[in-house]
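The following features are taken from Swiss-Prot:
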| type | residues | note |
| --- | --- | --- |
| ACT_SITE | 71 | active site, charge relay system |
| ACT_SITE | 146 | active site, charge relay system |
| ACT_SITE | 170 | active site, acyl-ester intermediate |
């Protein structure tokens, strides 16, 4: 087996025993990138020189010598951070995001920045301002989004792990499509300092990895209070690896009836239910539960997220950094032309929608109502988690669709139906592979937990991973 096929914890063990050197590990991944990147297109920037230079001053931490990929909306000092948008082309931040700083402090090495839907707006990575990323399991299919580059890089062996961001499913959905593990932590568990904002009350950074153990390892490093982020929660640090036990005996698992009653792909439903049966065999108690307000989650999300985006994206004007239009005979026309030329269609669509729902006369009818619905959804989850340890659903209603197939924006928005409620409520959730459809495309299962219930979802995910033996499955490129 090649080094690029190994997990983070397997590489770490080899490095600690000095059976391989950090140089050999790094070379293995760049060699793999050279072999398959033209097909996958997971990266927008590769940082070979920076990575090799960092070997000379490598810190002896928990990730010493481990190369990682970073989504292109997470700030990296002196390295292009474009959000896959023309408007931020050539922008190099003067600082590292807190998560990047923490990875470096533990000896992590940045391989490069991964492709994404522009400003994290999309579910296919087709909205990238550069090029679409391809699913390593079938290159004609989408890897999901918006963290499609991160998920594809991990699945293709172009990185042992990656960071993504999740606003409405952007870590979990591509993880499901690419057959890897994607963890969206509790809102406030991981610092957002240095994350380019899409919807500030929904965004959260998390890991995408080959197995559940690696997700726990990366969460150990990136989680924790950060005074630079006012939404970061100051609580005692946990060691998430202590939850990696193959044991769900007596655990109460809820299946939300509002999810399972929806009309979605039968192969996805069958594989998820068969995985749930494995947990029952392992001693878990599985019961149906109700989240009555969940049906309004998608509508509320597509009001709140664009509203926050229209405010956050107002800062891109061509004056201080990024793209500036050469057309225009006044400051006002320069602003207008810069934004018209610099933003892609999906970003413009969401800015316009957000501006509309925040405008006078419509604020109460849309934005205020959506926030009230958000409270009801949070209360639904809080009520259910009084009696249940975790909830389980499919991660996505379908497996990966073909690139160019999903042309209707509303249809694309519907694909977030299982993931969005988690962000609305601010709770943690993980997507783990649970099988394949008849076309050999991966299927993901989502495990949701209460606020700061990462331990419970990791324990459930780990047990499932052991039962299904999915972590050894890799695409052939």
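Cβ atoms here come from the backbone N, Cα and C positions, even for glycine.
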Integer Cα-Cα distance in angstrom, residue 146 (active site, charge relay system) to residue 170 (active site, acyl-ester intermediate):
5
Among all the protein chains here, how many other CB atoms are within 10 A of the CB of residue 146 (active site, charge relay system)?
34
Residue 71 (active site, charge relay system) to residue 170 (active site, acyl-ester intermediate) - Cα separation in whole Å:
11
Does DSSP put residue 146 (active site, charge relay system) in a helix, in a strand, or in coil?
coil
Going along the chain, which residues six or more apart from the residue listed as 'active site, acyl-ester intermediate' have their CB under 8 A from its CB?
117, 120, 123, 145, 146, 147, 164
Does DSSP give the residue listed as 'active site, acyl-ester intermediate' helix, strand or coil?
coil
